[in-house]
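Please read the structure below before turning to the comments.
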Amino acid sequence: MSQEPATPLLDTVKTPDDLRKLAPTQLRQLADELRVEMISAVGQTGGHLGSGLGVVELTVAIHYVFNTPEDRLVWDVGHQAYPHKILTGRRDRIRTLRQAGGLSGFTKRSESEYDPFGTAHSSTSISAALGFAIANKLSGRLGKGIAVIGDGAMSAGMAYEAMNNAEAAGNRLIVILNDNDMSIAPPVGGLSAYLARLVSSGPFLGLRDIARRLSRKLPRPLHEAARKTDEFARGMAMGGTLFEELGFYYVGPIDGHNIDQLIPVLENVRDAAEGPCLIHVVTQKGKGYAPAEAAADKYHGVQKFDVITGEQVKAKAAAPAYQNVFGETLAKLADADPTICAITAAMPSGTGVDKFAKAHPDRTFDVGIAEQHAVTFAAGLAAEGMRPFCAIYSTFLQRAFDQVVHDVAIQNLPVRFAIDRAGLVGADGATHAGSFDVTYLATLPNLVVMAAADEAELVHMTYTAALHDSGPIAFRYPRGNGVGVPLPEVPERLEIGKGRIIRQGSKVALLSLGTRLAEALKAADQLDARGLSTTVADLRFAKPLDVALIRQLMTTHDVIVTVEEGSIGGLGAHVLTMASDEGLVDGGLKIRTMRLPDLFQDHDAPEKQYDEAGLNAPHIVDTVLKALRHNSAGVSEARA
């Protein structure tokens with residue numbers, strides 16, 4: 001068992017009120033202890049490491065200067081908020097991060113008053129902080145809205161939509177741009193730090209305000225010239241002309257690890273009479289932990305690790321990860337097909353597109369955190385005869401639903417959607433669960449929706465999608481490793497809308513979609529042992545349904561149970577509709593649907609989440625037995 005680090009100063013800080021009692025000269029020590037504590041905690045739990053280490057000093061400075069929680073602090077995405085959680089009364093639970101019943105890996109309203117807004121998806125912070133700022137302004141309450149957003153999240157249009165509407169908030173809105181990728185900032189040094197303090201100071205802002213008021217009395221051409229001169233001078237010295245055009249007062253860039261620079265700038269902005277303000281800070285992912293500094297990508301999200309060596313504890317996988325199966329399969333297909341290309345929205349390794357990119361870099365497009373653009377870009381490619389694969393996590397595809405409908409489905413364009421992280425995802429919890437894609441995609445005309453039962457099926461579905469030119473097609477697959485089945489040397493083109501019988505029975509039929517197939521087979525074994533002959537079908541397609549197969553099973557079995565790892569409104573709803581339309585429920589057939597419960601499940605290990613959801617073999621058996629004991633009105637029959 002690892003020994004917890006000595007943190008004498010941090011031990012005295014239970015809340016930001018305690019932090020504000022410290023002398024400025026003590027903040028450097030506090031930041032060092034906070035960083036050590038975070039490394040120790042994440043080493044025991046796993047989680048997001050690099051991003052949190054990069055904002056330790058910034059977190060200390062924000063809580064020192066601003067009056068949180070009255071000032072509403074919103075961390076974009078939220079995976080960098082571990083230091084924030086430690087300083088806001090949750091240190092005693094920090095070693096429960098992402099564990100069952102423990103702290104969330106993101107900010108969460110129900111967890112603390114210091115988390116005024118739940119985050120996990122990117123680029124929402126400015127909109128939320130603007131909402132807080134305007135609400136307080138209208139209500140006459142004190143309190144600012146503060147958004148901390150990374151430069152990666154600034155690639156999403158939503159951030160600019162918020163900034164374009166922010167002027168009404170005035171000095172109540174502060175945006176802190178955490179530039180940890182050096183993609184925006186010029187070199188940071190003593191001069192830029194001096195300029196940041198200068199242009200955010202009270203005297204400078206006062207003089208600037210006087211100059212502006214005087215310039216308004218000038219003839220219009222002179223007034224415009226004065227305005228442009230001010231912007232040009234500040235733009236030459238400081239950068240940030242884009243943000244000024246959006247109505248923000250820009251300050252920066254400043255060193256996000258230098259508390260002595262951060263404190264005076266934050267104080268100046270806090271006390272500024274004008275606004276909104278944007279502070280540009282430059283930080284380093286993994287700051288203060290050598291392994292993370294040396295390999296930021298490998299230490300963004302980590303398993304449990306040895307704090308001394310940085311070595312992560314990873315169990316040896318018995319089967320390849322689903323995203324790698326997809327990426328490698330697509331790369332092989334593209335060797336023979338120059339029209340295949342891959343699109344990812346800032347998740348190349350998470351989706352397996354990095355495998356494709358190594359072989360076909362000219363046909364790989366990482367569009368950044370811009371799912372809406374990714375889908376319509378893919379539609380344009382498809383309209384011109386390319387075969388685009390848009391690889392997106394299920395939870396993030398939600399952000400582009402209108403584009404799927406309007407730009408792809410209505411025009412019947414053959415965009416291929418590779419939907420990763422389908423189903424429950426474990427430690428990332430409700431915000432990242434892929435629960436809804438079948439429900440919202442299978443309602444759309446023209447769209448084909450498949451779900452892979454294992455990694456071999458994923459190979460077949462990737463190949464099938466590549467050859468499907470008559471309209472859009474989607475295939476979903478889960479997070480993690482496959483089940484260990486051999487991968488086919490030659491992929492099979494699946495017949496659209498046709499399922500398969502895995503085992504034949506006569507009394508009970510289990511209709512599975514996706515990776516619950518393994519549990520359905522276990523349940524069939526248990527039902528057979530009870531004398532209930534059970535058929536198991538892998539439907540493969542949520543849309544179009546294999547109507548012939550389902551009709552045949554419904555007319556030859558007493559009980560039909562659909563099993564899926566998606567929300568209400570998915571496969572089960574479509575099967576029930578089909579049965580109703582064809583009059584197959586009129587003769588006493590017992591149909592039951594099993595799907596995820598109608599709630600947002602908290603984080604836990606995936607197998608425990610599915611057990612809680614009632615989607616494992618014992619639950620399937622129980623559902624069948626209850627169906628056999630009841631008639632369609634729910635009245636128990638005389639026989640067991």
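Just so it is clear, glycine is given a Cβ too, placed from its N, Cα and C backbone atoms.
Feature list (source: Swiss-Prot):
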BINDING   His79, Ala120, His121, Ser122, Gly152, Ala153, Asn180, Tyr289, Glu371  thiamine diphosphate binding site
BINDING   Asp151, Asn180  Mg(2+) binding site
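Projection of Swiss-Prot feature records onto the structure.
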residue	record	DSSP (3 states)
His79	thiamine diphosphate binding site	coil
His121	thiamine diphosphate binding site	coil
Asp151	Mg(2+) binding site	coil
Asn180	thiamine diphosphate binding site	coil
Glu371	thiamine diphosphate binding site	helix
Cα distance (Å, whole number) from Asp151 (Mg(2+) binding site) to Glu371 (thiamine diphosphate binding site): 17
Taking residues His79, Ala120, His121, Ser122, Gly152, Ala153, Asn180, Tyr289, Glu371, which bind thiamine diphosphate in the record, the widest Cα spacing (Å, whole number): 33
Asn180 (thiamine diphosphate binding site) and Asp151 (Mg(2+) binding site), Cα-Cα, nearest whole angstrom: 7
Cβ neighbours within the same chain of His121 (thiamine diphosphate binding site) - under 8 Å, at least six residues apart: Val77, Thr395, Phe396, Arg399, Thr431
